[in-house]
Amino acid sequence: MTATRGLEGVVATTSAVSSIIDDTLSYVGYDIDDLTENASFEEVIYLLWHLKLPNQEELQELKKQLSENAVLPEEIFNHFKSYPIENVHPMAAIRTAVSMLGMLDDNADEMNKEANYEKAVRLQAKIPGIVAAFSRIRKGLEPIQPKKDTSLAENFLYMLKGKDPSPVEVEALEKALILHADHELNASTFTARVCVATLSDVYSGITAAIGALKGPLHGGANEGVMKMLTKIGNVENAESHIQALFQRKEKVMGFGHRVYRNGDPRAKHLKEMSKRLTNLTGESKWYDISKKVEEVVTFEKKLPPNVDFYSASVYHSLGIDHDLFTPVFAVSRTSGWLAHILEQYENNRLIRPRAEYTGPDLQKYVPIDERI
Ligand code: CMC
């Protein structure tokens, strides 16, 4: 048995949800370029969960269900209020809150198809409110419940900031949510599938996935990018800062990818949005620094930016706190995780690979007082 490091190139499952072929990312066969241009995030959620685009009636029904299930139980607010959360990372908080939702759901362990779909709706509906509530409570503000008949993107910004977002902000977040919604068998999606393949419940699958997304090699990279841009501070410092990272053999957050060879197809949309939004906010320096960093990294290492690189300056321009960037990713990716969880349940088999053993040969137990 020979291990493949990081499971690179290993095909671990079949899936009809999304694919990466020749550096093109598509959801159920629809190119993300097409969806980003034309679809709403709710349409994409429907597409991922039903493997077809909704008609008008089906879309309205999903929107109604999401709206009806978006109100958060008081227990979540009380939980956030009962801890000194100033130093808690929001990803830890939402991971815990999703786990709590599982505790509070009487049907958490009901495993039929309908019950699991309903849990998917409940979770997707509530996750934006969880992120917003955490953000407000840690600032000493009261959490805000969602509006009715409002898109998920708009409601999220409303609950986060306590005021109606501008159409430009809503459109930008909507596009970002579409771009992050699913991504084949990425680390967190794999985690979710491994978890529910034991026939554990939907909440456990999403809790596990949030844990995997949190790491800086995965979703945590977008926060890392903003930290780096802030440290760089201005365009003139960019080259020396990146060269110093190379010298120390540190990774540049937001660059490289396990699967894409010629670039992440999501990055160009976010780059364009970053340019436009930073211009509108009068802070084009974030775009300019990002562009300079991209020039240096692609020249020196031939590594193109991934989805996390320009999303950092996009979220910053939307007035989102930097440590909430990865939670925003989670709000979107919950739709993909849920699609994969539902797909896994449909044709389940325990996921249990092997390990190449590198320890000592069989040895005899030595009683403790005979050991040196
Ligand atoms: N900066 C500097 N060098 C890099 C980077 C980077 N961002 N990415 C890869 N390399 C180098 C790496 O040092 C290695 O060089 P060498 O062969 O000389 O040791 C080579 O490229 C291969 O790297 P790897 O880490 O073995 O590649 P991987 O396929 O295991 O990792 C990755 C992929 C995305 C984890 C990695 O590129 C990385 O750590 N990037 C920075 C973190 C990041 O932006 N993560 C977000 C990924 S995309 C969104 C998501 O899915 O969440």
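Placement of Cβ uses the backbone N, Cα and C atoms for every residue, glycine included.
TrEMBL entries are annotated by machine, without manual review.
The DSSP secondary structure for HIS257 (active site) is coil. Per TrEMBL, the feature active site maps to HIS257 (among others).
Look at TrEMBL and you will find ASP308 (among others) tagged as active site. Applying an 8 A CB threshold to same-chain residues 6+ apart, the list for ASP308 (active site) reads GLY219, ALA221, ASN222, GLY224, VAL225, MET253, GLY254.
Sequence-distant neighbours of HIS257 (active site) (same chain, 6+ apart, CB under 8 A from its CB) are ASP264, PRO304, ASN306.
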